[in-house]
Structures are given as structure tokens and as C-alpha cells.
Amino acid sequence: MRSPKLVKSIYLVYLFKAMTNSKLSWTEHPVTVLLIDDQPMIGEAVRRMLEPETDITFHYCSDPAVAIPKALEVAPTVILQDLVMPDIDGLLLLRFFRAHPATKDVPMIVLSSKEEPKIKAEAFSLGANDYLVKLPDKVELIARIRYHSKGYISLLQRNEAYQEIQNYSNKLENSNELIRRVFGRYLSDEIVANLLETPEGLKLGGERRKISILTSDLRGFTSLSEKLSPEEVLKILNFYLGFMADVITQYQGTIDEFMGDGILVLFGAPTPRVDDAVRAVACAVAMQLAMVPVNEQMKQWGLSPLEMGIGINTGEVVVGNIGSEKRTKYGVVGSQINLTYRIESYTTGGQILISESTLKEAGSIVKIEGQKQVTPKGVNQPINIYEVGGISGEYNLFLSKAEEEFFPLRETIKIQYSIVEGKDVSDTAFLGNLVELSAKGALIRRDSVGGCPLALSNIKLNLVVPDQATASEDVYAKVLDIAQNGSFYIQFTTKPIHVAAHLDAIYKSISVKSKVA
């Protein structure tokens, strides 16, 4: 019967082999006896005792000087060694056997002509496994040979099992490392780790879970990208997304998807934590703060600064593996995802908007700058959304928010504008005038009856000015608030270079004069 350790080793190797569809096999070690004795008569006597035992192989060495080389040659499972020999002391030879790596574990049975307790004790202290007075009884000798050989063979097989486990473990680790290197670029470390630790997680399907969802988007990047080469666009995107990915990883968010210049991040999947909503808000603030170094690089490249809007929502979704057996994606499904996108669509550049459910989960450490009630597409009832100015507690992150100051224009600027519905620009155009200007926005007064956009909606406008290059370029803006007398405030989301230069020059002129006055 195999030892429990050997059985466990065999079982583990069996599992490894089953995983790789390999055939389970073990090295068969026959019982092999090596007798070392200077008297050929003893050698012959032992040979005759063992001759009927067909499963036992016998080898004899009369010269103790070549005993170790002989042992290396025949690989015995047990060694019988005389204690008294003319050329070398038996106890010294025993020391040599135990010192050699190849024979240190081979069972040693010392043969002696005397039954002396002191010699026995010394032999055992030097590593002997057994002690027999020669010539022993045939039945006893064979029994001891089989007993010691069986234990040694079990040791060899256990060592082989451990080595095989180590080999498979190394192969598995190499495979895992390859998976980490390859898929780590496309999946978060957390998802890769989960798949490696629990391969059943690769199965299609999912589970319902409450998570916090963050989505971000660059304002006006589509218009900017149309004026740049594909290589330049890719350079900007990779730089920006690299910065954001580092921040998201720091706050233990799972990047579910890069969608052009947009990012979808999960907090609570695949691993739920009690502070998912808090980390989502802290991550959003950190992402907005990270736009400072991003825009420093944009300035060095001679490009306009980027602005990002972020929306966060908390609710129940189904998380898991989506797709087919051949192609699978870890992701989320549910109306709460769509609501998150809707919330983000209400943001202006540099703004963070969160749902009421996220605010309740995150708690009072979130600094709220304002509140709006909106009715997103696909939602029956109005919902409250909140503008985040920072988060206290252990994070202590806050956005610097300067109050937007509007200055009246000495000469209004005529414009033509259309309301953007979803991603489509309405065919109906309305006339109006820019009557006030700020660093990032303007106050528009309508000339037409109708054409008053809703708060937080988007418009496309064109300046009606003598400069045809400026007039022909499209400007995009978000409606911030509705004012009196058919007017409304906007914040520019996309300003082409010519328009930006024209409006910036006007703003600097009127702001300086207003402050002097």
C-alpha cells in the first residue's frame, strides 16, 4: 500500500495530467540488491537465497574500494554491506554512502558476525537502516530486502511525483505569465487574476450585482480629430488614455472598455467592495485633476487643451461573460449602464455629475456644487443629478472651480444655431446674437420665435461675421441654463482654431476694459 504522501502526490500529478490530456505513467523500479562483502562465499550464499525470487535482481561487489561506483552503476533499492573488511572499515564506507547524493537515501543493511549493541548503535547513528548477523535466515533476509526496497521505491516515486508537479507548475506559471502579458493589455489585472484562479469564470453568463459605473468622454474630440492625421489622433488618444488608466488602476476600477476617447469603468466587478461608490467618485476627481498634466503635453504639441466630462451612477446590473464560446468579453448589461451614459451626456468639460443613488452610497464626504433635475431619454420620471466639487475623508481631493464671469459685448455677434438631438443636428436653424462672453461660454439672445433649447442640451452654431473662414466653421456648445427674455447661457465644447482665436481676442479686450472701468 502506497504512503498517504505518495497517494497525494500521485493525485496531484493526475490532476495536472488530466488538465493537459497527458497519459499518467510511473517509472517502475525493480527490487535491486547490492551486496558488498570481501568474502565470495558470502556473496554466493546470498545469491542462492535470492535466486528463486524472480522479481529481485542481485549484484555482488567484493572490493569495497569500488563499492560506490558499483552502486551508481546498478542503482540498488537496498544495499547489504559487511561491517568488517580488510581494505576499509565498514562504518567508514557507510559514511561515504551517506555522504554521496546518489546513495544518501538508499536503505543500508549492515551485516556483522557479532550481535554487539554498541556497534549496532554506532551503525544506526551513521545512517544504517537495519542490522543483521550473517548469515541471516533466508525468509528473514528476503522479508527485510522487500520491506526496505518498498519504502525506497515509494520515496523515488514520490520524488518523481513532486518533480512532475513542479514541472507542470512551471509550465502552468509560464502559461499564466503569457496570459497576463497578452491579455493584461486588454483586460484589467483583476479580471485576468480571477480567470487564472477560477477558470470556471470563463463560462458564459453572469450574475446580478449592484455596482458603481463611471463613464468619461472628451468634449469636442471628434471635431479635433477631423483636423488631424490618424497618427496624430492615435498619439493623443494613447497618451490621454494611458494617463487615465493609471488613475483608474490606482482606485481599483475595472476598465471595461475604451470607446474611442470614451472610457467605461466598473467599481464592484469582478470584485465587490464596500466602498465602490466612494472610490468611483474619488477616481473621477483624480481623473479631472490628471487633465492638468495631460493639457501641459497638449500645449507642448501646439494643440488646444482637452476637456473631459464624467458621469457616475450606482445600480443593479448583470455582470459576467458576454458573447460566444469562441469569443467572449467580460462586461455589464442593464438599464443602469444606459443611465450612466445619459448622466455623462449632461456634463460640460471638467465637470463630474453623479446620480442620487451614487450620492447616497458615497455619503457626506462628497462635496456637491449644485443639483439639477433632468429627464433622460428612456427614463419615465425626472431624476436628480449632482455636480461633484471634490471628496474629503482619506482622499481629500478637490477641483478648483473659478466662477465664470460674463462680460457684455459692445457689439453683439450674430449667430445661426441648430439644436442637436442625440447625435443628429436638426435641419431647423435659428438666428440669435452673442450678447455676453466669458472665458468658456456666452449668453445667447434669440432673434427667432421658438428655438429655445432645453437646459443641458447641445447646440451647433456658426458665427455670422465678415471673415468667411470663421463663419463657415462649426462651433458646438452645451446649454447651461435658461435666462430671461428668450436668452440662454452656453459653454463651448468645441471651438475651431479660427473661432477660438477670434472669441478669445474679444473676451480679453472686454474683460480688461470692464475691470479697468
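FYI, residue positions are counted from 1 along the chain as it appears here.
Placement of Cβ uses the backbone N, Cα and C atoms for every residue, glycine included.
What TrEMBL lists as domain 'Response regulatory' is 32-149.
In the three-state DSSP scheme, Asp82 (4-aspartylphosphate) falls into the strand class. For Asp82, the entry in TrEMBL reads 4-aspartylphosphate.
Per TrEMBL, the feature domain 'Guanylate cyclase' maps to 212-344.
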Local confidence of the domain 'Guanylate cyclase' (212-344) - pLDDT mean: 91
Spatial neighbours, same chain, of Asp82 (4-aspartylphosphate) - Cβ under 8 Å, 6+ residues apart: Ile36, Asp37, Asp38, Gln39, Ile42, Gly90, Leu111, Ser112, Lys134
Secondary structure content, the domain 'Guanylate cyclase' (212-344) (per DSSP, counts of residues): 62 helix, 41 strand, 30 coil
